[in-house]
Structure formats: C-alpha cells, structure tokens
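Over in Swiss-Prot, the protein carries these features:
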type	residues	note
CARBOHYD	N43	N-linked glycosylation site
CARBOHYD	N81	N-linked glycosylation site
TOPO_DOM	1-10	topological domain 'Cytoplasmic'
TOPO_DOM	30-110	topological domain 'Extracellular'
TOPO_DOM	132-136	topological domain 'Cytoplasmic'
TOPO_DOM	158-181	topological domain 'Extracellular'
TOPO_DOM	207-224	topological domain 'Cytoplasmic'
TRANSMEM	11-29	transmembrane segment
TRANSMEM	111-131	transmembrane segment
TRANSMEM	137-157	transmembrane segment
TRANSMEM	182-206	transmembrane segment
Amino acid sequence: MSQTKALKVRVTLFCILVGIVLALVAVVTDHWAVLSPHVEHLNATCEAAHFGLWRICTKRIAVGDSKDKSCGPITLPGEKNCSYFRHFNPGETSEIFHVTTQKEYSISAAAIAIFSLGFIILGTICGLLSFRKKRDYLLRPASMFYAFAGLCIFVSVEVMRQSVKRMIDSEDTVWIDYYYGWSFACACAAFILLFLGGIALLLFSLPRMPQYPWESCMDAEPEH
C-alpha cells in the first residue's frame, strides 16, 4: 500500500473511530427524545420526559409565569424519576411508556442497535488484524462491517422516530410537544460517519486497477 493510500486509510479509520464513540454514546444514553405536555394552569407543575433505547425518565418541573404553554425545558431543576422499560427489566415499572407506545417499537430499536454494536466489534477486530504485514485485505471486510453498523444505526433512528410520532398521536398520552435530544443527534452523526467511512475505507483498500494491459503482466509473479 502506497503512503498516500495509507494516509487516506488512517484518516478514514479516525472518522470511523469517532462514529463508534458517538454510536456508543447514543446507545447507552436516554436523551433520544424529550416529551412535554400542554400546560393549562400557570404557577403549577408539569411532567416532562426524556427516553432512550432502554429507559424513560420523567421530571416534575415547576411552571413559572410565562406565555409559553409548554413544559420545560427539561434542564430545569425538578423531581426526577427514571425506570427501565418493563420488557428489558421485569423488576422495574415503566407504565407510562408501556401504555403510550407499542412495545415492539422499543424492542426493535434496541435489538437493531445491538446488531450495530456487533458489526462494530467485528469491524474493529478485522481492522486491528489488518495492521499486521500483508493483511491489508482485512480492511475490506472491516469496511463492510462498519457500513452495516451505520445502516443498523439508521434503522434504529427511524424506528425511534416512528415510536415518538406514535406517542404524540396517541389519545392515551398527555404528550403533545416533543423534540429530539442530543442522543438522537449522536446516533445520526454515527450513522453518517460509519456508513460513509465504511464505503470510503472499502474504496481505499481496493487494489489499484491497471491502466494499461502491460501493467498486469509486469505485476504478475514469475513462473518457476
């Protein structure tokens, strides 16, 4: 591998590493979406919520004298209560989430995220082994694993987006306002870096095609 191509590979691997870190942050945190109800009475309290792939957290916030009828922002101080989703931890209760959205959505998003982490692990193993002499070919399966991981993150993001939409549209929930949090942004950035980084790594790791017919003859091994 030439020095120019090796430099491109290192830069691409660094971008993929950033994508891996962002994917891990998105999976383990619970700020994918922030939900708030409509505030009818001023100088009272309202209950906002934020959730991720594994748990939901609600916060009771004091509402001040404001023309804004929404609850929040979520960063305001208040009584906080977090619980893991019932289908992941039977010992915990999360009735709000269980009632207001479909269990299949959260299970699907979490399962696909786990598949993404699995592809990341396989890609990292191949990438580390490729640093040994004459094992540059392992960069190709590593690139595919990273691209697949990015696609899984994208699917998980889309499933979570549909889950939030169903929660807002449901008549059984008090949530009427929502916005996506920083965990969601980390997941979107991870998708871009992993998918595009995987494609770029595949292109950079491919052997150079001969421009002229005689170049392939010159590169051929001599017969004994």
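The count begins at 1 with the first shown residue.
Every residue, even glycine, has its Cβ placed from backbone N, Cα and C.
Here the transmembrane segment (11-29) has long-range neighbours at 52-53, 113, 116-117, 120, 123-124, 127, 146, 149-150, 153, 182-184, 186-187, 189-194, 197-198, 200-201, 204, meaning same-chain residues at least 6 beyond its ends whose C-beta is under 8 angstroms from one of its own. Other C-beta atoms found within 10 angstroms of the C-beta of N81 (N-linked glycosylation site) number 13, with every protein chain shown included.
Annotation note: N81 (N-linked glycosylation site) sits in a strand segment as assigned by DSSP.
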